[in-house]
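A quick write-up on the structure given underneath.
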Amino acid sequence: MVPVVALVGRPNVGKSTLFNRLTRTRDALVADFPGLTRDRKYGRAEVEGREFICIDTGGIDGTEDGVETRMAEQSLLAIEEADIVLFMVDARAGLMPADTAIAKHLRSREKPTFLVANKTDGIDADQAVADFWALGLGEIYPIAASHGRGVTSLLETVLMPWVDEINPPEEIDEDAAYWAQFEEAVEGKEEPVDDFNPQDLPIKLAIVGRPNVGKSTLTNRILGEDRVVVYDMPGTTRDSIYIPMQRDEREYVLIDTAGVRKRGKITDVVEKFSVIKTLQAIEDANVVMLVIDAREGISDQDLSLLGFILNSGRSLVIVVNKWDGLSNDVREQVKEMLDFRLGFIDFARIHFISALHGSGVGNLFESVREAYDSSTRRQSTAMLTRIMTMASEDHQPPLVRGRRVKLKYAHAGGYNPPIVVIHGNQVKDLPDSYKRYLMNYFRKSLDVMGTPIRIQFKEGENPFADKRNTLTPNQMRKRKRLIKHIKKSK
């Protein structure tokens, strides 16, 4: 069993900074103001061949109301999940009433807890941590997480002995192999091999949309638990949360993202970070669920986000949420509006659901699997060339500069999204209308649904272009004799 280490403490004591250093990532958002982390975030850490799972949590300060209450609940859940707790305090700010309250709760849980005093760089650490002895948690470990000072000592003297106790050495290799395989699958860094089978990898599914359209509610409905903070206020989710799950004997990695709104309305520095994280999650995903609020309709920002998804080549499922409670007349108006504004995306399935009540949610994964299978299905060169030939016979390529464009053969150029490479003469001069015709013809012939398809064109090049003809010595002698003969004849 891989040990679980939770980082808890007041807001802005450096939990996310330490999380990023332990996991050697930038997965947790970090900035110099409180309340940045709202959901518990999991990361894999490895030190000297020992592995453990690290949980970053939102801060607890005892004055929570509204969404902050749910953040505190997430921190308490992380404590229950953990084998070891690192209780972080701010050495510069000194002992606070919230620190005392958290310490009291930790003592009642009887979890192995270690007190870590952060931000000790540039000050007398012994003097700065003196007040924290009153918490009664034993030894205090001073560190500077932003610079890494004291972190190695913390790992060697505190974490490693507990990791070895919870996870004996003989079990580490088996667990390490599992987590290495999982990490490669999630990060998408596996080397391509001839017998590659996309069904062996988890489907990375990103749930995106404008703020407060119900993304986290949908995530929790799918998972069957309050895994992500949900609150009726735009912008509750600020980070992208990666959650492994299994459904119908198929593995998934669910990515709940922050809402994306118009750039002019993004005034909060953290929200700018969150938008970047969301766009990165789209790039990282195999399939994207775009959630739209049925009551608000499709905004320009929805279309902008949709354009980014299509440009990224991600498979797409459109989810119209908050469908419950709408009258039949309003529903017809919404469907007409969808047909009008989304008519250019005829390959994506559209689902009408209520994430809050669960209606229609069960049908989403059939479309997700269909889109993923379409985007990763292997096609032979013979099949693609045959389809290309049929397309050119049904509708001949146009004339370019008085010559007919000739399509020679086609082959696969990549997957997720599927790419078809067509070779021929003057193919780069084809008009956009004929390129769209070819794309739609390939989509119908290959029965591709839920994913965009891309066509690339390559022209045959003259191998002797820009090369001067060089004569052999024998040819040079013949040339001299010929020139000499011509001169004599004159």
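Every residue gets a Cβ built from N, Cα and C, even glycine.
Feature annotations, courtesy of Swiss-Prot:
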type	residues	note
BINDING	9-16, 56-60, 118-121	GTP 1 binding site
BINDING	209-216, 256-260, 321-324	GTP 2 binding site
DOMAIN	3-166	domain 'EngA-type G 1'
DOMAIN	203-376	domain 'EngA-type G 2'
DOMAIN	377-461	domain 'KH-like'
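The DSSP secondary structure for K15 (GTP 1 binding site) is helix. Ranking the binding-site residues G9, N12, K15, T57, T120 by Cα distance from W323 (GTP 2 binding site) puts T57 first. In this structure, the C-alpha atom of K215 (GTP 2 binding site) lies 25 angstrom from that of I60 (GTP 1 binding site). Take the CB of T57 (GTP 1 binding site) and look out to 10 A: across all protein chains shown you find 26 other CB atoms.
Secondary structure at K215 (GTP 2 binding site), taken from DSSP and collapsed to helix, strand or coil, is helix. Across the domain 'KH-like' (377-461), DSSP assigns 32 helix, 26 strand, 27 coil. If you measure from the Cα atom of G209 (GTP 2 binding site) to that of N12 (GTP 1 binding site), you get 28 Å. In this structure, the C-alpha atom of N12 (GTP 1 binding site) lies 25 angstrom from that of N212 (GTP 2 binding site). In the structure shown, across all protein chains, T120 is the one of the binding-site residues N12, T120, N212 with the greatest number of other Cβ atoms within 10 Å.
Using a 10 Å Cβ-Cβ cutoff, G209 (GTP 2 binding site) registers 25 neighbours. Other C-beta atoms found within 10 angstroms of the C-beta of W323 (GTP 2 binding site) number 20, with every protein chain shown included. In this structure the C-alpha atoms belonging to K15 (GTP 1 binding site) and N212 (GTP 2 binding site) are separated by 27 Å.
Counted within 10 Å of its Cβ, the other Cβ atoms near K15 (GTP 1 binding site) come to 30, all protein chains included.
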